[in-house]
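Report on one structure; see the data block that follows.
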Amino acid sequence: VVGGDECNINEHPFLVALYTSTSSTIHCGGALINREWVLTAAHCDRRNIRIKLGMHSKNIRNEDEQIRVPRGKYFCLNTKFPNGLDKDIMLIRLRRPVTYSTHIAPVSLPSRSRGVGSRCRIMGWGKISTTEDTYPDVPHCTNIFIVKHKWCEPLYPWVPADSRTLCAGILKGGRDTCHGDSGGPLICNGQIQGIVAGGSEPCGQHLKPAVYTKVFDYNNWIQNIIAGNRTVTCPP
């Protein structure tokens, strides 16, 4: 996250870090939505993925941190683009449910969608500098706004006007998600409204907001997958 500050240690109990068994680098974020399921972006998938919950600082452990491996990973079966970026959403079922604790708790799925002008919060362990490869020891947070979708369409050819995405940022620039924040949540009014999908390079440029998968449109898919209906397709 560029243009942010260290998150409050108690404001992100649902935020998870994704890395692999072969690398301790956090390549993506994600969000815990119940004791057994994590929501993230499809492009965050890796072999040998690991999920760390209850983490704040990479160096100073929270006493209630937990690590999990996937029992299953679920994607949209009906993507239009071969890379699946038009439906950039993935559900990870944890091999063992987590125990909720001080720093581990779920975030609610959206009860309604949020419109242009809504103020939302972004968070993650991604890059904090637009010019250098600086990654923080702690997650950074900041507030951005949902903006008109037309700002994103020319920037990201895989997000047509009818795509189930949100365009969000600060039009004058300066505050944005960045490398390593992918898959993390866009939180509006205490609910997860978006998943970090893609952005411009470098991050936080003037008139270049980022694109987020619109979670509200996938509520039905998410609930079906969790309920055990594996044949459900994502909205077109």
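Here the Cβ of each residue, glycine as well, is placed from N, Cα and C on the backbone.
Summarising model confidence by region, the domain 'Peptidase S1' (1-227) averages a pLDDT of 95. Per Swiss-Prot, domain 'Peptidase S1' is recorded for 1-227, and the stated evidence type is sequence analysis.
Look at Cys7 (disulfide bond): DSSP puts it in coil. The feature disulfide bond is assigned by Swiss-Prot to Cys7-Cys141 (among others).
Cys28 (disulfide bond) falls within a strand when secondary structure is assigned with DSSP. Within 10 Å of the C-beta of Cys28 (disulfide bond) there are 26 other C-beta atoms, taking all protein chains into account. The disulfide bond feature in Swiss-Prot is assigned to Cys28-Cys44 (among others); the stated evidence is sequence analysis.
Taking the Cβ of His43 (active site, charge relay system) as centre and 10 Å as the limit, one finds 19 other Cβ atoms among all the protein chains shown. According to Swiss-Prot, the feature active site, charge relay system maps to His43 (among others).
What Swiss-Prot records for Cys76-Cys234 (among others) is disulfide bond. Sequence-distant neighbours of Cys234 (disulfide bond) (same chain, 6+ apart, CB under 8 A from its CB) are Cys76, Leu77, Asn78, Thr79, Lys87, Ile89, Tyr218, Trp221. The secondary structure of Cys234 (disulfide bond), as reduced to three states from DSSP, is coil rather than helix or strand.
Summarising the annotation, Swiss-Prot assigns active site, charge relay system to Asp88 (among others). Within the same chain, residues at least 6 positions away in sequence whose Cβ sits under 8 Å from that of Asp88 (active site, charge relay system) are Ala41, Ala42, His43, Ile195, Ala197, Gly198, Thr213.
Taking a C-beta cut-off of under 8 angstroms and a sequence separation of 6 or more, Cys120 (disulfide bond) has the following same-chain neighbours: Arg114, Asn143, Ile144, Phe145, Ile146, Ala168, Leu186, Ile187, Cys188, Gln193, Gly194. Per Swiss-Prot, the feature disulfide bond maps to Cys120-Cys188 (among others); the stated evidence is sequence analysis.
Here Swiss-Prot flags Cys152-Cys167 (among others) as disulfide bond, drawing on sequence analysis. When Cβ atoms from all protein chains are considered, those within 10 Å of Cys152 (disulfide bond) total 25, not counting its own.
Annotation comment: Swiss-Prot describes Cys178-Cys203 (among others) as disulfide bond. According to DSSP, Cys178 (disulfide bond) is assigned to coil rather than to any helix or strand. Long-range C-beta contacts of Cys178 (disulfide bond), restricted to its own chain and to partners at least six residues apart, with a cutoff below 8 Å, comprise Val1, Val2, Gly126, Lys127, Ile128, Thr130, Gly199, Cys203, Gly204.
Within the same chain, the residues at least 6 positions away from Ser182 (active site, charge relay system) whose Cβ sits under 8 Å from its Cβ are His27, Cys28, Gly29, Ala41, His43, Cys44, Gly126, Val196, Ala197, Gly198, listed in sequence order. According to Swiss-Prot, the feature active site, charge relay system maps to Ser182 (among others), an assignment based on similarity to another entry.
Residues or ranges marked as N-linked glycosylation site by Swiss-Prot on the basis of experimental evidence: Asn229. Taking Cβ-Cβ distances under 8 Å and a sequence separation of 6 or more, Asn229 (N-linked glycosylation site) has no neighbours in its chain.
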What is the interatomic distance between the Cα atoms of Cys7 (disulfide bond) and Cys167 (disulfide bond), given in whole Å?
23
For Cys7 (disulfide bond), what is the tally of other C-beta atoms lying within 10 angstroms of its C-beta?
22
I'd like the number of other C-beta atoms within 10 A of the C-beta of Cys76 (disulfide bond), please.
22
Rounded inter-Cα distance in Å - Cys152 (disulfide bond), Cys141 (disulfide bond):
22
